[in-house]
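**Student:** OK, TrEMBL features for this one:
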type	residues	note
TRANSMEM	49-73	transmembrane segment
TRANSMEM	93-113	transmembrane segment
TRANSMEM	134-151	transmembrane segment
TRANSMEM	200-227	transmembrane segment
TRANSMEM	247-269	transmembrane segment
TRANSMEM	314-330	transmembrane segment
TRANSMEM	342-363	transmembrane segment
TRANSMEM	397-416	transmembrane segment
TRANSMEM	437-464	transmembrane segment
TRANSMEM	476-495	transmembrane segment
TRANSMEM	515-533	transmembrane segment
Amino acid sequence: MADPGEQRKFVLGRCCIFHWRGKASIIIPLITLPILIHGLQNDMAEFKCMWLIVTMALLWITETLPIYVTALFPLVFCPLLGLVNASIVCKQYFTDTIVVFLGGLIVALGIEYSNLHTRIALRVIRIVGGSPRRLFIGMMSVSTFMGLWISNSAGTAMMCPIVKALVNELDANKIFPVYMTQEEEPVEEGDPPHPSKITVAFYAGIAYAASIGGLGTLIGTGTNLVFRGIYSERFPTSTVEITFANFMFYSIPLMVFVNITLVIIGFLITHMGLFRPNSKTGKIISEANTNRKLMEDVLRQRHIDLGPMSCHEIQMAIAFAFMIVLLITRKPGFFTGWSDLIDGKVVGSSSGLSFIVLVIFALPTQYTFFKYCCGKGPFTAQAIDAILSWEYVLRNIPWGLLFLLGGGFALAVASRESGLNVMISKAMQVLIGLPNIVVQSITFISANLLSAFNANVVVANIVLPILCEMSLALELHPLILTLPACLGISMVYFLPVSTPPNAIVTQYAHIKTKYFACCGILPTIIGISVALVNTNTWGLIIFPETKSFPDWAMKIKNETKI
C-alpha cells in the first residue's frame, strides 16, 4: 500500500491522453483569438466571420467537441458578433434541403423496417449466379442501387448483415476460405479472425458501391445536399436550378455506371484473381467455382424461406417507387413537371418526400381489420402497426446530421453577409490564367484528400463556399468547380474515418486499416479520372451553360466588388 504522505505524481502524458479534449477546447479558441481581436478592433466583419469558421473547422477536424455540437456555434456567435440576425440563422437549420435529407432517411428506415432490402438483395444475387465473382457483382449492384435512393450510410448498414449471412454460408459450405489463418494475420486471443482477401473485397466493395451510388441523386449522401443548399444560397439568381432530375442526368451515366463498372473490374483483378488464373487467389476462385451449384441452391432456399411478399413489403415497395417518380418528375427540365402544374407557391422536393413520409406513417401493414367492420365479436385486441413505426425512427435517425447540415448553411450565409467571401475571392486571383482542367484537378484532388481525414459533410461545409468564391474570382461557371468537388468529397476510399460507409464496414467486419487502405488505391484513381472526364464531356451536355461565365454570375461578382 502506498504511503499516504507520499506526494502524488503528475504524469503529463497520461493527463494529455485522457483529458486532451478539455484542454483542446480551451487552446483552440485561444489560438484563433488574434483573428477575432483584429476584427473587433477594426470593426471588420469578415475577420469576425473568419474567426468563427477557423475555430469551427479546427474543432470539427480534431473532434474536440462532438461535431454536431460544434455545428451549433453559428446560433450563438453569428448574432453576438453582429454577423447575421438570429432569426435568419435559425432558418438555416430546417431548410428545404434538410427536409429532403430527413425524408430520405425516413424512407430508408421504412425499407429496412419492412425487410424489403433483404428480398431485393437475394433476388438480385439469385439472378447473377452463385460463383464468388458473380456473387460479388450482385452485392455491388444491390449496394449501388440502394445508395442511389437512400443515404449511403443507411444502405451500407442494410447490406452488412446480408454480406455476413452470405459469408457464413460460404464458410459453412467450404466454398473458399473466408478468414485469414493465424499465420497470415495474427490476432489476440478472444478477438475474431481477420477476413480473408476475398472477404475483405465483399465488405469494402459494398461500402464503395454505396458511396458511388450516393453520387447519383441528391438524397444519396449528405454532401450532395450541402452542395445544393450552398449553391442555391450563394447564387439565388442562377438560371440553372439544381433539381433532382438534372443532378441524376449529370451523375448517373459516368459517375455511377462507368465508375462502378471500373471499380468492380478493379476488385475482380486485384482481389479475385481475374486474368490471373495461376495466382493464389485465382486458384482459390477456380476451385470455388466448382461448388457454384451448391451455393445457388442455398441462396434459392434462403429466398424461398422469405415466403411471398407481405402486404407490408408491397406497400413499402409502392411508396418507394412513387417517391422516385415524384422526385424525378417534379421539375425534370425536358417536360413540364408536376410542380409547375400547381397554381400556388413554389413546390420543392421536400413536399413530395414529406407526402411519402406521411403515407408510410398513416397506412397499416395489413388490412385484416376490415373483416371485423361488419362482423360480430369477439374482436381482436391487438393493434395493427403502421408501415413504419415512429419509435423505430426515433431510435435510428442520426438527428445530429441535421445540425451538421444546418451549421454549414449558416456559415455560408455568415460568409456572404460579412464580406468574407469577397476577401477569399481576391486571394484566389493568383490562379487566374491557369487552364480550366488544371484548376479543376487542383480543387478536386484537394477536396478529396482533405475528406480522407475528416467527415465528408464537414469538409463540404468548409470547402464548397470557398469554391463558390473562387469561381467568381476566376470567372468560371460555379458548377465547374463546386459540383465535381462535391462528388470528389464522397469518393474517399482509404481510411475508415473518411466516410460513414467505410467506418461501418471496417467496424462490422473487423477489417484492419492497412488492408482497407490498399483496397482504396485503385478506386480513388478511377474516381478522379472519371470525374474529370465527366465534367468536361457529359457535364457540358447536361449543363451547357457551364461553357462560359454567365451574366448573372458577373452581376454577382460586380455587386460584391471582387
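Note that Cβ sites are derived from N, Cα and C of the backbone, with glycine treated the same way.
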**Student:** Please indicate, using numbers and ranges, the residues of the same chain that are 6 or more beyond the transmembrane segment (134-151) and have a C-beta under 8 Å from a C-beta there.
**Tutor:** 101, 104-105, 107-108, 111, 117, 120-121, 124-125, 127-128, 158-159, 162-163, 166, 201-202, 205-207, 209-214, 216-217, 219-222, 252, 256, 260, 263-264, 267-268, 272, 295, 320, 323-324
**Student:** Ranking 49-73, 93-113, 397-416, 476-495 by Cβ pairs under 8 Å to the transmembrane segment (247-269), which is first?
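**Tutor:** Ranking 49-73, 93-113, 397-416, 476-495 by Cβ pairs under 8 Å to the transmembrane segment (247-269) puts 476-495 first.
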**Student:** At a C-beta cut-off of under 8 Å, are there same-chain residues at least 6 beyond the transmembrane segment (476-495) that contact it? List them, or none.
**Tutor:** 152, 204, 207-208, 211-212, 214-215, 221, 223-224, 226-227, 230-231, 234-235, 238, 240, 250-251, 255, 436, 439-440, 443-445, 447-448, 450-453, 456, 459-460, 463-464, 467-468, 470, 502, 513, 516-517, 519-521, 523-524, 527-528, 531-532, 534-535, 539, 543, 545-550, 553
